[in-house]
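As recorded in TrEMBL:
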- 136-154: transmembrane segment (TRANSMEM)
- 166-186: transmembrane segment (TRANSMEM)
- 198-216: transmembrane segment (TRANSMEM)
- 245-266: transmembrane segment (TRANSMEM)
- 273-294: transmembrane segment (TRANSMEM)
- 329-355: transmembrane segment (TRANSMEM)
- 367-389: transmembrane segment (TRANSMEM)
- 401-419: transmembrane segment (TRANSMEM)
- 426-443: transmembrane segment (TRANSMEM)
- 463-487: transmembrane segment (TRANSMEM)
- 515-638: domain 'STAS' (DOMAIN)
């Protein structure tokens, strides 16, 4: 018995107008090649980057292709001198931050301090040509530096074999660049999305905590310190050497840390004075160097950087380690640090692009960041990306284009050529203070509180990442965070929501009865909404859950004395796809409901679902007349049959047989 047996009156649909019923259509068949092409396009080219090449002459296509990979060819010819003033100020400002931070982060990675300056020279020039962000300021970052130190340090001691350790750092940077650029070229940027916002918040906070704890070595003037990064090992190392603490170093470090925190607080309260916070690290380096030079503090336990090599980046392509047994650790370190660097760089770029109302292409950014790391590794640079602190200073300084990165690179180049001897007396304790000050800004308490208020599971992911980093290691913390995120994703897929819908008063609109308590039940009809695609992972759950809804509805009807249940309407609006396991699940549900004298009715299945249900012969088994465009039409048809038709004798026999069981 279906809607093909009767002529229904015009019925108001959910759109509100009186329209004749239409049959749910099965989409026309498409050739396999065309269907596969469309699927691949939607998966890897959702932004349709080739759209601009359509109907263009060959010369224009070549130019557009070059502009795609080198955006400087697009905005460069339009660059005006009026923009140079802003970019010049921004570039000099971020250079004043990049120089001390670069030296500090290189020390954090157990690399020669000069590498921090090398890494602030070549990569920014590459990014200025290939990057699509106007605000991203390129440089080294603390978290990647910590990861390099922890992962490579576990394989090769930087103290016992510094040359091999240095070469492995270059190799890891090279493979990080290869991995990053490959993700962009192959349009696989969605892999980075598995690092959710909650994961990044917890991981960054944990890494910042670990980095701060590691700086106790410099603050307290300790010469022997643990290579482990977990909280227990660091605290044990600190308090087992109380007799080795240097009060001179401690006092100096606390004073400079206080100065850096005060300037940052002042700049945060008065954004127009952002330059005070930006200049504070370089000011600390200058004051610290003068203090040590004038007081000869290096003779009283205050360690200094020492001699920095003058000159531009030496070529290091021949230093890359491409043989066993150390190649595997270089690849592993490169991939992990590459993913973290990408996640930070793209997130920072998108954040500032949103403020200035322009878009950046994530895949192009991956290619740009990957290329600058590959090229950088061949010129004595280690891993770089777009750190938030430096990019925020660049943004606040009023940068207009990526020329600010070029200005910064020129400032660093001049420093390498002429000013490196001035850093000889820079105390390491000042570098530790600079790192701690920068890291405290990565511990985002407000974001963690927001996660707790909005989504407790996201908060659990955040805390899991934080605890893993702080109490185990950086790698374990990252694995824990990603594992919890993937578990949640699996739960979303394997345990989709099913909702009971009710009719809103004086309308033909059907909504969730929990969200709308005034939505009423329709006598004799159970309306359920399936809120996810149906796959092998959730088909068994959905079968059991739908049958449970039916059982609960029949129990409610018996208790209230209402009319018996006759129809189960399934709203398929949110079911974007279905596989063969899902089709089998529908067949099983139909058989179960048939034995109980109930009829299953489908409402608004999508094109892909209709196509597969048709190929799976389920529509033939169910009857096309039991598939409707809207819930309102399905309910109207069921109501018509409930009030106009006599009970089906065959159905009565099935009901008696079911009851006898």
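Heads up, residue numbers simply count up from 1 along the chain you see.
Keep in mind that glycine also has a Cβ here, set from the backbone N, Cα and C atoms.
All annotation found in TrEMBL is predicted automatically rather than curated by experts.
Keep in mind it's a predicted model, so treat the numbers as computed, not measured.
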* At an 8 Å Cβ cut-off, counting only pairs 6 or more apart in sequence, do the transmembrane segment (329-355) and the transmembrane segment (136-154) clear the bar of 3 or more pairs? -> yes
* **Candidate ranges 198-216, 367-389, 401-419, 463-487 - greatest C-beta contact count to the transmembrane segment (136-154) (under 8 angstroms)** => 367-389
* **In contact by Cβ distance (the transmembrane segment (166-186), the transmembrane segment (367-389); 3 or more pairs under 8 Å)** => yes
* Structure fact -> Long-range Cβ contacts under 8 Å made by the transmembrane segment (463-487), restricted to residues 6 or more beyond its ends, are 146-147, 150-151, 194-196, 198-199, 201-203, 205-207, 209-210, 228-232, 336, 340, 448
* Structure fact -> Grouping DSSP H, G, I as helix and E, B as strand, the residues of the domain 'STAS' (515-638) number 66 helix, 22 strand, 36 coil
* Asked: So which residues does the transmembrane segment (166-186) touch in its own chain, when a touch means Cβ under 8 Å and the partner is 6 or more beyond its ends?
  -> 44, 109, 111-112, 115, 148, 151-152, 155-156, 192, 316, 319-322, 326-327, 329-331, 333-335, 337-339, 341-342, 362-378, 380-383
